[in-house]
Amino acid sequence: MDTSRTSLFLCSVLYSLQLVGSARPGKQHRSCPTPCECEQDGMLVRVDCSDRGLTGLPRNISIFTSYLDLSMNNITKLPSNALHNLHFLEELRLAGNDLTYIPKGAFAGLGSLKVLMLQNNLLRQVPSEALQNLRSLQSLRLDANHISYVPPSSFNGLFSLRHLWLDDNSLTEIPVRALESLSALQAMTLALNKIHHIPDYAFGNLSSLVVLHLHNNRIYSLGKKCFDGLHSLETLDLNYNNLDEFPAAIKTLKNLKELGFHSNNIKSIPEQAFIGNPSLITTHFYDNPIQHVGRSAFQHLPELRTLILNGASQITEFPDLTGTTSLESLTLTGAQLVYLPSAVCNQLPNLKVIDLSYNHIKDLPSFSGCQRLQKIDLRHNEVYEIRFTTFQQLVGLRSLDLAWNKIAVIHPSSFSSLPSLIKLDLSSNHLTSFPVTGLHGLTHLKLTGNSALQDLIPSEHFPKLRVMEMPYAYQCCAFAVCENLKHSGQMNKDENSSADDFYRKDIGLLHLQDDRDFEDFLLDFEEDVKVLHSVQCTPSAGPFKPCDHLFGSWLTRIGVWLIVLLSFVCNALVIATVFRPLSYVPSIKLLIGLIAIINTLMGLSSGVLATVDALTFGNFAQYGAWWESGVGCQITGFLSVFAAETSVFLLTVAALERGFSIKCTTKFETKSSFLSVKLSIVFCFLLSIIIAVSPLMSGSTYGTSPFCFPLLFGDPSSMVFMVALVLLNSLCFLVMTVAYTKLYCSLEKGELENVWDCSMVKHIALLLFTNCILYCPVAFLSFSSLLNLTFISPEVNKSILLLIIPLPACLNPLLYILFNPHFKEDIGSLKNGDMLWSRSRHTSFASVSSEDAEKQSCDSTQALVTFASSSISFDLPATSSSSSYQMSNNYKLSAVAFVPCH
């Protein structure tokens with residue numbers, strides 16, 4: 001008291017003298033040190049010299065300075081007695097300099113100093129001589145240095161010290177002797193050091209210590225009496241160490257309120273582990289390889305508010321919490337719990353939050369005794385049934401998460417007594433129906449992943465709903481999402497952004513609950529709900545998930561029906577003429593006939609879609625989910641892919657066959673084998689079947705859209721599959737183009753007209769050109785989707801899917817019917833019973849097979865091809881009527897005349 005009065009008196013006298021001196025004529029007030037900033041604080045001065053590039057102490061510091069900040073400079077040393085005249089200095093900051101040593105007397109004369117900051121320097125030991133006799137010092141920061149040694153006399157005379165920072169240094173042991181003199185110390189941190197062991201009575205004289213941080217060390221063992229003497233300790237942090245055993249030494253800490261020892265190697269929590277800590281409020285010990293927890297470990301902790309046991313993978317039995325009646329938040333995730341005791345709520349009447357996610361719980365007890373529950377998290381368990389009594393009378397429950405279970409049965413009145421429930425997550429279960437009773441207050445509803453839940457959910461039961469996730473987009477139609485899209489078109493970008501942000505925030509809510517207070521979560525939740533005034537439903541309806549009509553526009557509808565009718569009629573004519581009875585079918589006509597059959601299958605798949613559109617006209621949303629997930633859609637998708645791929649492959653074989661045939665004919669070589677063509681056809685069919693089956697074998701389905709075809713955008717697996725098909729088909733078209741280009745270039749100029757004009761060669765060229773042109777939009781859209789180019793609207797994609805892809809199914813036979821003269825001959829033969837190919841084998845040109853004759857026939861002119869004397873081998877097909885057709889002879893010909901085939 002005498003010292004304080006003397007200092008105050010001296011301050012008053014000196015201040016008066018300063019005022020008098022400053023009032024003299026010609027005298028000015030003493031200025032602030034040159035690089036610093038000063039601020040008057042009553043009779044005293046606050047001097048800020050931080051981050052000024054100083055290499056030493058500034059001169060002319062006022063003796064009335066109470067606060068001096070010299071941090072973030074380049075000061076390397078402090079001279080002795082440099083600050084001895086600053087008797088009123090209470091806070092000195094020297095952080096962030098290059099001090100390696102502080103000599104004795106550096107702080108001499110600082111009898112009023114209360115706060116000394118020396119962090120972020122280069123000190124290798126505590127400057128014990130410089131710190132002695134700072135009797136008023138209350139806070140000392142020595143963190144973030146290189147201190148590896150604390151002399152025993154370091155803190156002698158620091159009788160008023162309350163806070164000590166020694167973290168982020170290189171200490172390897174507790175400075176036991178140095179701490180003996182700090183009986184008034186209240187908070188100390190020794191974190192981020194290299195301490196291995198805490199000996200007995202390490203803090204024996206720190207009876208006033210309230211907070212002790214020892215986290216991020218290398219502590220692997222504790223003395224059984226290492227915490228003896230810490231009678232006032234309330235917070236103990238042992239996180240991020242190498243402890244192998246539960247710290248049994250905490251039993252002496254009767255006033256302990258907060259305990260953390262997570263992220264260690266503790267494998268067991270013994271029985272009655274906290275028997276000596278009746279004041280414990282919060283404990284964290286997640287991220288330990290805990291294999292065993294004593295049932296009585298958490299008994300009789302009447303003040304415990306929070307219990308977190310994350311990652312205790314070997315816990316198989318729910319802990320006995322008798323006497324722990326104040327528990328408000330219980331987290332026990334990633335364990336092996338199979339059941340919950342029926343008395344869990346009797347033991348925990350004040351429970352507000354319970355998180356038992358990532359366990360193996362199969363049966364739930366009644367939570368009706370937990371009247372204060374606000375949040376229940378049971379996701380990723382094995383719950384099968386929700387009974388009537390499971391959540392009865394939980395009037396305060398606001399969030400219920402039951403996602404990723406096996407729930408197949410929910411009692412119709414399970415949620416009838418939950419008036420405060422605003423968030424319900426039942427995604428990824430096995431639901432076939434959803435009870436709506438009592439859910440009128442919901443704002444968030446998640447039912448995605450329940451593929452068997454196909455019924456529409458009435459919107460009138462959810463007047464406050466703002467965000468919802470459904471198994472199918474059609475279920476969003478009931479909430480006017482489709483109508484809003486129709487009337488408003490594309491929503492405003494700002495509205496979309498706010499909705500997306502809200503949705504993303506909603507997705508992350510449950511993940512934030514471990515780190516945020518639940519009350520704050522609810523406040524933020526309610527504020528976000530007020531921002532959005534319309535229902536945000538996903539997956540959203542659109543052209544590929546229509547609400548009313550499968551095809552949408554009448555133009556598309558008429559176009560599809562026209563394609564279907566033409567494909568049936570025209571392909572039937574081609575098939576009838578090619579495969580007419582008792583006629584010989586050469587390889588090229590066999591390929592054309594098979595393409596017609598495949599085109600009929602493509603028309604059939606489009607016809608199925610057209611029929612579904614007609615049957616569900618104006619009300620497709622009611623049947624959309626049923627159609628997508630049904631067998632009919634799978635078969636339709638299989639036929640579409642199979643027909644599309646087989647058609648391309650057979651066309652490729654036809655192009656190659658024409659090239660080889662013409663080459664053999666013009667060079668008088670042996671003609672290509674019919675057997676090789678048949679083998680190629682079989683290979684095409686097998687490859688198409690493999691491609692069409694691959695989506696089903698890979699776990700995917702054709703039911704990603706109601707059109708039962710892999711989409712050009714959206715689902716990644718479908719898009720990858722579609723791009724792979726486009727690449728394969730593009731390769732086929734490239735091969736065909738190269739083959740025909742090579743054929744054109746290889747023919748001599750004189751022979752070009754005679755050979756190139758042949759009907760079948762021209763027909764395959766026409767098919768190649770037409771199919772290639774029609775496939776360009778499909779390829780372009782596929783690569784656009786792969787590159788995330790969104791300038792093409794979904795309506796255009798839909799038109800391509802429904803019209804362009806099946807269009808070859810009707811164009812291919814039309815081209816044959818309209819432009820190939822063989823069709824006229826074949827249809828005439830079909831009428832009159834004549835067989836053109838049979839007749840050609842009985843003409844005067846019996847030395848040439850009908851297939852070779854067809855190759856050389858021309859559609860409009862009579863061709864005369866003169867061959868040089870050569871040897872030609874002919875293989876005629878066998879017939880049952882005459883063995884004379886089975887022959888292989890060599891003929892010497894000088895010239896062969898061909899009659900026109902018209």
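Each Cβ is built from the backbone N, Cα and C atoms, and glycine gets one as well.
When you check Swiss-Prot, the disulphide partner of Cys49 from the set Cys36, Cys38 turns out to be Cys36. Disulfide annotation in Swiss-Prot: Cys633 is bonded to Cys708, selected among Cys570, Cys684, Cys708.
Annotated range for transmembrane segment in Swiss-Prot, selecting from 467-487, 635-655: 635-655. The topological domains that Swiss-Prot gives for Val677 and Leu830 carry the same name, which places both on one side of the membrane. Broken down with DSSP, the repeat 'LRR 7' (182-205) shows 0 helix, 5 strand, 19 coil.
Here the topological domain 'Extracellular' (611-634) has a mean pLDDT of 91 out of 100. Broken down by DSSP into helix, strand and coil, the repeat 'LRR 14' (348-372) contains 0 helix, 4 strand, 21 coil. With helix defined as DSSP H, G or I and strand as E or B, the repeat 'LRR 10' (254-276) counts 0 helix, 5 strand, 18 coil.
Counting residues 6+ beyond its ends, the repeat 'LRR 17' (418-441) has Cβ neighbours under 8 Å at 379, 391, 394-408, 410-412, 447-450, 452-453, 455, 457-458, 461-464, 469, 509-510, 525, 529 in the same chain. Taken through DSSP, the repeat 'LRR 8' (207-229) splits into 0 helix, 5 strand, 18 coil.
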